[in-house]
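Read through the structure below, which is laid out as structure tokens, and then see the notes.
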Amino acid sequence: MDQSRMTLGRFLAQQCPQDEKGKALALLLRQVGDSCRRIADAVAGGALREMTGAADNVNVQGEEQKKLDVFANDVLIEGCNWGGTVAGMASEEEDDIYTLPEGEPRGPWLLLFDPLDGSSNIDVNVSVGTIFSVLPAPDTGRDPVNEDLLQPGHRQVAAGYAVYGPSTVLVLTLGDGVYAFTLDRGQGEWFLTSSKMKVPEQTAEFAINCSYQRIWPAPIKRYIEECLDGEEGPRGKRFNMRWIASMVADLHRIFTRGGVFLYPADEKRPNGRLRVLYEINPMSMLMEQAGGEAFTGKERALDLQPEALHQRSGLMLGSREEVEVLRRYYAEQ
């Protein structure tokens with residue numbers, strides 16, 4: 001694909017089907033892109049826009065919300081609740097499904113999102129991001145109910161994230177490869193900068209929060225110990241550890257240069273910590289489209305059948321060979 005000044009809008013016009021649903025999908029993803037641009041401006045402004053610090057609210061997860069969590073959530077809802085693109089939305093920050101205002105046409109898609117992943121890093125100026133997923137809506141034209149959103153990840157038609165770092169990058173898949181767009185702040189436009197991104201099959205880098213080591217399951221303890229044994233150990237090579245504590249930032253590094261990201265279920269959180277609908281499903285779709293794998297500790301991540309809007313699970317994803325090693329260790333336990 002010719003990347004010479006390919007805008008997000010032009011890309012979507014070429015890649016989405018030209019029927020009614022395809023045009024609605026293209027518009028929805030442009031709406032998401034516009035919303036992420038607004039969020040990027042707010043993140044960059046930080047304290048100058050009074051966007052740092054807590055919002056004095058607690059979300060459905062029991063987590064203290066940051067001011068930017070609330071702002072990003074509102075921006076995505078306001079940016080995508082018009083134009084007949086969605087039948088409804090769900091957010092990590094909301095208790096229930098968002099129902100469209102009366103009079104707005106119900107569209108063919110459902111939008112699910114984590115409006116600001118890694119928001120605990122905002123006040124220390126570390127990269128954060130937005131994660132999103134698109135699922136088919138019921139064909140009835142009615143407002144969706146919870147069960148309509150409880151679809152396994154392999155039913156996603158699109159997924160992506162925006163990372164708000166030194167540059168702002170939007171990474172997207174429509175089920176035919178992974179593409180990255182960089183925001184030109186001067187023009188306020190997303191331009192294609194990477195096509196058909198691939199995660200290397202082999203790696204010598206892992207990302208995990210080692211503060212949970214005492215409560216890790218046996219397969220994770222074994223895997224990390226063998227990585228740390230270096231050339232003298234059973235893996236026969238030296239591994240490096242990376243951990244940013246921002247899923248989008250950690251995985252963007254892996255999409256760019258390889259690695260494996262581990263956030264397993266453990267003794268304290270036997271059901272895991274990551275949200276299936278808002279984090280695991282979209283990131284797993286992107287990872288498989290980039291040639292990697294995603295595994296929950298029990299099954300392929302995209303085959304997990306969610307049973308609740310805010311269900312959690314463990315997750316290991318990244319370079320194919322490392323995820324296969326982890327699959328084997330879990331099978332042997």
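Note that Cβ sites are derived from N, Cα and C of the backbone, with glycine treated the same way.
Worth saying up front: this structure is predicted, and the values here are computed from it rather than measured.
Residues or ranges marked as Mg(2+) 1 binding site in Swiss-Prot (evidence: sequence analysis): E92, D114, L116. In the structure as shown, the Cβ atom of E92 (Mg(2+) 1 binding site) sits within 10 Å of 23 other Cβ atoms.
DSSP assigns D117 (Mg(2+) 2 binding site) to a strand. Taking a C-beta cut-off of under 8 Å and a sequence gap of six or more, D117 (Mg(2+) 2 binding site) has these contacts in its own chain: V128, G129, T130, I131, Y161, S246, M247, V248, E279. The annotation Mg(2+) 2 binding site is assigned in Swiss-Prot to D114, D117, E279.
According to Swiss-Prot, the substrate binding site annotation covers D117, G118, S119, S120, N209, on the basis of sequence analysis. Within 10 Å of the C-beta of S120 (substrate binding site) there are 15 other C-beta atoms, taking all protein chains into account.
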For the binding-site residues D114, E279, which Cβ has the most other Cβ atoms within 10 Å, all shown protein chains included? D114
Which one is it: of the binding-site residues G118, S120, N209, whose Cα lies the shortest distance from the Cα of E92 (Mg(2+) 1 binding site)? G118
Candidate with the highest Cβ count within 10 Å, taken from the binding-site residues S119, N209: S119
Not counting E92, D114, L116, residues with a CB within 8 A of the CB centroid of the Mg(2+) 1 site are D69, A72, N73, S91, E93, F113, P115, D117, S119, T130, I131, Y278, E279
